[in-house]
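Here's the structure, in structure tokens; my notes come after.
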């Protein structure tokens, strides 16, 4: 088992290095938020409860997304798990495999993250107007407690994945072929009543959010309107676009093959990144509510700004890792297109359009609403001018960088796969 682990790590060292880097960043931000949390005593009033709530939210978001990243990483390990089970390994060896591979990986990431977190806190105290006094012993106890919780959850998730694969293999080996009835070639198309109702619901959510957005007297409800807009947009992407894809497939899309391909790839990408977008659609409005409370305190402003930036960076990092795990899935698509006679520039153009459409749907359109919402809140003195710039520009810059990253990785992968014979031979 140990030799097998060494071979796996050696062959996939780039992915492991990248994952450690992601865990390092997530853990360092988590450490900073725990330091901020420990600076305030619970018996100092309502303001202190809010001051502790903001970093607490960030810590739990970081922990949840860390577990989500573990699930994404597991997607690339299913074949490896199947080999281990088919080789006849016992439960004790499987537990050893999980502890050595995943436990050590998270231990390294959290240890380095704690060291980096100490450095980040010193930088924050150096440049922040408010100085954060915290006790190392208390912070490290909290940090270790959260690390133990993560390890327990990761062990449970990974072991359950082994059990699911084991049951799938057992069902496959014990499956008996049954006689099937004759296939009817007269297929009746079902009426898309469900899709139509969901589309109407999504449109109503978007219209409701836009109407509420421009009612200045309801400025305290702006974050709720933002949630409704993002939820409606995600429903349109995940349900309405596939519905339109089926509806217009014969009449329009077959006459425009590039549009057909781009639309299908945008659907795949939105499904891949959808769960993180849902988290983003909840976290950002909650942060806005914190700003709208208008507590006139230097500590409150500093905690709010740092926690907001940390949570955005956590989301940004998780988006990158999720896309990096998804990227190998397009290798076979590129190989098939090359075999069908697509030139390099044509394939690059298709994926460039995918990146542009995705950025428009997930970044630009929500940012227009987000910026309008912040501007209306500024007119109603809900937030200051500096906070409006911080909230809007940080959101826009990070997700524009992510859009450029998606396009760059697409183009890099296309060139690598298009000119490399091993992908044609093995369809990797």
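Cβ from N, Cα, C; glycine included.
Just so you know, TrEMBL annotations are computer predictions that nobody has curated.
Since the structure is predicted, the reported quantities are computational estimates derived from the model, not experimental observations.
Per TrEMBL, the features are:
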DOMAIN    53-157  domain 'ABC3 transporter permease C-terminal'
TRANSMEM  16-37  transmembrane segment
TRANSMEM  49-73  transmembrane segment
TRANSMEM  94-121  transmembrane segment
TRANSMEM  133-157  transmembrane segment
TRANSMEM  196-216  transmembrane segment
TRANSMEM  222-248  transmembrane segment
TRANSMEM  269-293  transmembrane segment
TRANSMEM  299-321  transmembrane segment
TRANSMEM  354-376  transmembrane segment
TRANSMEM  388-408  transmembrane segment
Check your understanding: Any contact between the transmembrane segment (94-121) and the transmembrane segment (16-37), i.e. 3 or more CB pairs below 8 Å with pairs at least 6 residues apart?
Key -> yes
Check your understanding: When only pairs 6 or more apart in sequence are counted, do the transmembrane segment (388-408) and the transmembrane segment (299-321) reach 3 or more Cβ pairs under 8 Å?
Key -> yes
Review point. Which stretch, 16-37, 133-157, 299-321, tops the Cβ pairs under 8 Å count with the transmembrane segment (269-293)?
Key: 299-321
Revision key, fill the gap. Spatial neighbours of the transmembrane segment (133-157) not adjacent in sequence (6+ beyond its ends, CB under 8 Å) are 30-31, 34-39, 59, 63, 66-67, 70-71, 74, 98-99, 102-103, 106-107, 110, 114, 121
**Study point:** Three-state composition of the domain 'ABC3 transporter permease C-terminal' (53-157), taking helix and strand from DSSP
**Key:** 91 helix, 0 strand, 14 coil
Practice item. Tally Cβ pairs under 8 Å between the transmembrane segment (16-37) and each listed stretch (49-73, 196-216, 299-321), then give the stretch with the top tally. Key: 49-73
Review point. Hey, which bits of the same chain come close to the transmembrane segment (196-216), Cβ under 8 Å, at least six residues off its ends?
Key: 222, 224-226, 228-229, 231-233, 235-236, 239-240, 243, 369, 372-373, 376, 379-380
